[in-house]
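Visitor: Handing you a structure now.
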Amino acid sequence: MRPLTLSPNSVNLPASSSGAHSGAPVGIFDSGLGGLSVLRAVRALLPAERLVYVADSRYAPYGQRDDDFIADRTLAIGEWLVAQGAKALVVACNTATAQSIALVRERLSIPLVGVEPGIKPAALASKTRVAGVLATQVTLRSARFQALVERHAADLRVLCQPGHGLVEAVERCDVNSPELLALLRAYVEPMLEAGADTLVLGCTHYPFLDAAIRSIVGERMALIDTSVAIARQLERVLEQHGLRADGGNAGAGPDDIRFCSTSDGAHLRELAAALLGLDAEVERVAIPSRRTRELEANAA
Ligand code: DGL
């Protein structure tokens, strides 16, 4: 199966307008740990690139937040990454992309890459013409998602299932507990019964549940994960803007990836070790925004 992404989101400003240069890092952001699945693919395809990863774990999951909150956080973190010198931004979160990519694209002066559920590859892969989509409620109810289905899957029966509880499980580094397996079973078994042969992992946290899902569906479903396609899209965008890091570099080592979290970062460190084999120092960062200031004022 060939994973494809559907979200080539680059701004039209030339790279020079932001002062970005090829040696600068790429910013990658998610509500939490899910974007590490994208970081893994970026690192494999573009090993010379320096990376700054931000997990907004203090405010995850976004899937239950209101639209304004998600846009507020995405913009604040994008601006923070620009201030850290990022030359491009990967919004490695389907929920944030669905909700706020247009706004962020208007406001930031660096190229952007967003992510969207792999509806197009699912439409190409499904033989039964029935596909399941697991994503957050916010993603599934977004106009972007509806448009994606209309554009690419008019002849496909698409079974949408909000993955309540799954982001929280991954944030706890739970990828195989009996409770999690029971939750996954409740989500995917009805899809199998309805004849689905393809399952779109429409949230960047879900690739970490790949083995757990596989243990339930066996070979009866193809799992669609777009992280490799997102890395390819980033490569194209960097090339278009003349921002690819010098290929002569031997490859980014652990020191060339900066891991930041708005929470204590322990789980980010644990997952980076398990997934990327990196014993990463995680910086705790404060990225205040209008909505988090309000939250904190109300809590005081
Ligand atoms: N990884 C995010 C996504 O892709 C999770 C969203 C959330 O925090 O609920 O949608």
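Indices start at 1 and increase along the chain as displayed.
Backbone N, Cα and C define each Cβ position, glycine as well.
Keep in mind it's a predicted model, so treat the numbers as computed, not measured.
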Visitor: Under TrEMBL, which of the candidate ranges 1-21, 232-252 is annotated region 'Disordered'?
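Guide: Feature region 'Disordered' in TrEMBL: residues 1-21.
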Visitor: Can you check which residues sit near His205 (substrate binding site), meaning Cβ under 8 Å from its Cβ, same chain, 6 or more apart in sequence, and list them in order?
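Guide: His205 (substrate binding site) has long-range Cβ partners Asp30, Gly32, Leu33, Gly34, Ser37, Leu166, Val167, Val170, Glu171.
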Visitor: I want to check the contact list for Ser31 (substrate binding site): same chain, sequence separation of six or more, C-beta distance under 8 angstroms. What comes out?
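Guide: In sequence order, the residues whose Cβ lies under 8 Å from that of Ser31 (substrate binding site) (at least 6 apart) are Ala55, Asp56, Ser57, Tyr59, Ala60, Pro61, Tyr62, Gly63, Arg73, Cys93, Thr95, Ala96, Val167.
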Visitor: Around the substrate site formed by Asp30, Ser31, Tyr62, Gly63, Asn94, Thr95, Thr204, His205, list the extra residues of the same chain whose Cβ is within 8 Å of the site's Cβ centroid.
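Guide: Near the substrate site, beyond Asp30, Ser31, Tyr62, Gly63, Asn94, Thr95, Thr204, His205, sit Gly32, Gly34, Gly35, Ala60, Pro61, Cys93, Ala96, Thr136, Thr139, Val167, Cys203.
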Visitor: Take the Cβ of Cys203 (active site, proton donor/acceptor) and count every other Cβ within 10 Å, whichever protein chain it belongs to.
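Guide: Excluding its own Cβ, the number within 10 Å is 31.
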